[in-house]
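Below is one structure; the comments refer to it alone.
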Amino acid sequence: MQEFTNPFPIGSSSLIHCMTNEISCEMLANGILALGCKPVMADDSREVLDFTKQSQALFINLGHLSAEKEKAIRMAASYANQSSLPMVVDAVGVTTSSIRKSLVKDLLDYRPTVLKGNMSEIRSLVGLKHHGVGVDASAKDQETEDLLQVLKDWCQTYPGMSFLVTGPKDLIVSKNQVAVLENGCTELDWITGTGDLVGALTAVFLSQGKTGFEASCLAVSYLNIAAEKIVVQGMGLEEFRYQVLNQLSLLRRDENWLDTIKGEVYE
């Protein structure tokens, strides 16, 4: 396993602009605070640039789209591209919605630092066969061999972008590196918003100067390792959700948490 540099303690309390959905915004805000940064969530086109200009990273999540939000997303993404602001785009629901898929493809022109999605979403986006329903990945879409080759090709077209593909095994692909990471637990599927949270944590690590590849590996591993520490048989949904946020604030105190990352990194 490649030696990643511990991002903690956070050097500066960065402002993370999350253009996300109403369902998971509270979890994302608390997750960002738990790592030592500050969240803001503005998706009104009349003010979106005011907040984006003050931010150190931008997270765009398509989980609850509207015409007004799309307008604001395009404005923020354009600014991020022009000002070299790190940007994460989470392609939620592109397996089902042609509007969302079209928007994500347009956002590629703004050169996001990280493009995130589950296995079905990313397969759909790059033109591979998929079985995703709604915003959920299908167990039939977990084969990575064909996807990996296509993503390597896409990284030649978008050399500054990394792909973060979540699943039972998380796949992170950049122009020069590939990671297959294996931390996590099925209990994370019990509660909504954990996938969105990975994107927000990626933005946090980008705000600290990490590359798209490093930030993606750190974010998905951090959440998964935090969850592994609290898996208790018989725990109810609300208690598990509470403990996830609790562990996000505690794990950063462990100087050796990086040693528990499972998986491989290839050059």
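In case you wondered, yes, glycine gets a Cβ from its N, Cα and C as well.
The model shown is predicted, which means the values in this text are computed figures rather than measured ones.
Just so you know, the Cβ of MET41 (substrate binding site) picks up 17 other Cβ atoms within 10 Å once every protein chain is counted. MET41 (substrate binding site) falls within neither a helix nor a strand when secondary structure is assigned with DSSP, and so counts as coil. The substrate binding site annotation in Swiss-Prot covers MET41, GLY193, and the record cites sequence analysis as its basis.
Reduced to three states, the DSSP call for THR166 (ATP binding site) is strand. The ATP binding site annotation in Swiss-Prot covers LYS116, THR166 and is backed by sequence analysis.
Neighbour density for LYS116 (ATP binding site): within 10 A of its CB lie 29 other CB atoms from the protein chains shown. According to DSSP, LYS116 (ATP binding site) is assigned to a strand segment.
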